[in-house]
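Q: OK, Swiss-Prot features for this one:
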- C63, C67, C70: [4Fe-4S] cluster binding site (BINDING)
- C107, C139, C199, R269: [2Fe-2S] cluster binding site (BINDING)
- 48-265: domain 'Radical SAM core' (DOMAIN)
Amino acid sequence: MLKTSEKIFSETPSIITKEEGLKILNGVIPLTTCLDKAFQERNRYFENKVRIHILDNIKNGYCPEDCGYCAQRKNANSGVQEYPMKSEQEIYEDAVQAKKNGAYRFCMVTSGTGPNRLTTEKLASTIQRITDELNMKVCLSAGLLDIEKAQVLKEAGLDRYNHNLNTSENHYSEICDTHTYLQRAQTLDSVSKAGIGMCSGVIVGMGESFQDIVDVAFQLKSFRVISIPVNFFIPVKGHTIKNPSVLTPELCVRILCMFRLINPDSEIRIAAGREGHLRSLSATALFAANSLFSSGYLNVKGSEILETVAMIRDAGFVPELSNGEILPENFGTESFYSEKNFPELYKFKKF
């Protein structure tokens, strides 16, 4: 059965001030000190557990919005494969596979400004089936949402609703001009009033300042967001971000530490860009973050599940399942040590 004790709202005050957040990002505070303080809070609320989330892109393209970072935006000419929303059965089968792969939560993502009434009802039906038949937590990302639609999704059993702020209010007009920061904030307000856990995070590396990163971290805190995905900008074909920032692995870890210390009891998730920006520090980042995505992102490939699980275990952490249990130690071992991956192990195999 699903755990019922998971919090909907963040309840713990920030550990640091805005000024201290800037010192972390500017490198004034040693990285080891940042990691030590971040790990203390991470361990306090999440112990040594890591939640693996798997995305299902249930509708790709056909989007009227003009978010500069997105390969699905209007007029992007990015070459992504466009397709309408998957059927309930297709999404359900994807959820079954995600559960087999050890996902803590199944994340459904659809392109577009926001769902209409009929789409909301279809999504609600799918969510209810997944939660009832698979006992699996579900997160939905479907754009702008009002309170009425949020309540329909809540009644269907939706666990989390994702709607990222992406950047600070001051910087928002630099990345999108078809909707406003206020509209995104209003969606979070609707989700909150419906009693759904808020999942809202950022995309770092879109030309923002360190002050912008600190400001949005505290804005998320003010909303009491319980789940914060931290994306590192990937320059996909067709993007319109004018001055992408240079992100080093160390800076990415510092950003995750800062988010942990501002939002101590929130789930801090390493999201898109992990493989390319954190690189050899991916495992180190888990001392600040307690969650990550596996098996790819919306239109970009990512580490597969066996590689992700191995990294988590190698760093001394354990993957957590929706029911609170731990992924078995022998998960994927047989296929991981296959002849394809390690041919030298089979060199002297007798027939």
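Backbone N, Cα and C define each Cβ position, glycine as well.
The shown structure was predicted, so the numbers you read here are calculated from the model rather than taken from an experiment.
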Q: I'd like to know which of the binding-site residues C67, C139, C199 has the most other Cβ atoms within 10 Å of its Cβ.
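A: That would be C199, with the highest Cβ count within 10 Å.
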Q: Can you tell me how many other Cβ atoms are located within 10 Å of the Cβ belonging to C70 ([4Fe-4S] cluster binding site)?
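A: There are 23 of them.
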Q: Mind looking up the mean pLDDT for the domain 'Radical SAM core' (48-265) in the predicted model?
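A: The average pLDDT of the model in the domain 'Radical SAM core' (48-265) works out to 92.
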Q: Is it possible to get the count of other C-beta atoms within 10 angstroms of the C-beta of C107 ([2Fe-2S] cluster binding site)?
A: 23
Q: Among the binding-site residues listed here (C63, C67, C70), which has the Cα closest to the Cα of R269 ([2Fe-2S] cluster binding site)?
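A: Going through C63, C67, C70 one by one, the closest to R269 ([2Fe-2S] cluster binding site) is C70.
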Q: I'd like the number of other C-beta atoms within 10 A of the C-beta of R269 ([2Fe-2S] cluster binding site), please.
A: 26
Q: Determine which residues of this chain, when C107, C139, C199, R269 are set aside, have a Cβ within 8 Å of the centroid of the [2Fe-2S] cluster site's Cβ atoms, and list them as they appear in the sequence.
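A: Going along the sequence, the neighbours come out as H53, R105, S141, R160, N162, S227, P229.
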Q: Helix, strand or coil: which one is C67 ([4Fe-4S] cluster binding site) in, per DSSP?
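A: Looking at the DSSP assignment, C67 ([4Fe-4S] cluster binding site) belongs to neither helix nor strand, so coil.
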